[in-house]
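J.: Sharing a structure here in structure tokens format.
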Ligand SMILES: C[S@@+](CC[C@H](N)C(=O)[O-])C[C@H]1O[C@@H](n2cnc3c(N)ncnc32)[C@H](O)[C@@H]1O
């Protein structure tokens with residue numbers, strides 16, 4: 001238990017340091033095509049709230065707001081959140097709670113805090129969830145904790161998309177980590193989520209950094225997850 005707590009603390013230090021030095025190669029300057037092509041199949045009502053765990057300053061949150069959603073992002077780094085609002089020319093209202101510091105402007109509420117510790121009450125009105133580069137950002141032991149905490153606290157009938165990467169893990173050290181379909185099933189089925197693979201794409205040709213590290217195969221997959229009532 002102590003080892004696991006220390007590991008989580010170490011991981012948090014690494015992410016803060018990455019934001020401080022702007023080593024944020026995971027950040028994309030456009031919404032993810034797998035999001036824009038599959039989101040509407042979830043059939044969520046326009047004004048519904050969508051949880052984006054480990055959100056960084058992702059432009060996917062801008063796209064979700066453009067679809068008339070309210071967005072609850074959860075992110076360790078205040079710096080990431082400040083950059084998100086600065087880049088939109090917004091001055092968020094700020095307050096603190098036991099969960100962390102809340103930054104709120106327009107359709108976005110971004111919580112600077114630990115997603116693993118987010119209380120169920122804060123997630124209670126989230127009808128949707130979107131995970132890109134969150135599950136796969138975590139080492140295996142933390143992925144189990146993430147599924148058993150953040151995802152388990154989302155309410156009944158919540159539904160969303162989970163985007164993963166798959167590659168031979170021995171060819172490269174994560175993050176991002178390879179998470180195959182059997183692991184997705186193992187993490188979520190049995191914790192009241194049903195899982196359906198929507199699409200898998202070969203993306204090696206578009207990822208020169210993986211090629212440069214000698215990775216021989218790389219796919220991305222998108223799953224629909226539905227929480228039982
Ligand atoms: C790989 S990045 C992905 C960010 C975003 N999802 C995207 O697609 O650009 C992972 C993010 O998770 C944040 N993070 C890591 N552990 C976290 C935790 N326990 N709670 C909240 N955020 C966390 C990091 O600071 C980092 O911004």
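Just so you know, glycine gets a Cβ as well, placed from its N, Cα and C.
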J.: Do you know which of 132, 153, 159 TrEMBL groups with 19, 54, 75 in the S-adenosyl-L-methionine site?
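T.: According to TrEMBL, the candidate sharing the S-adenosyl-L-methionine site with 19, 54, 75 is 132.
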J.: Across all chains shown, how many C-beta atoms besides its own are within 10 angstroms of the C-beta of residue 19 (S-adenosyl-L-methionine binding site)?
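T.: Its Cβ shell of radius 10 Å holds 20 other Cβ atoms.
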J.: In which DSSP state, out of helix, strand and coil, do we find residue 19 (S-adenosyl-L-methionine binding site)?
T.: helix
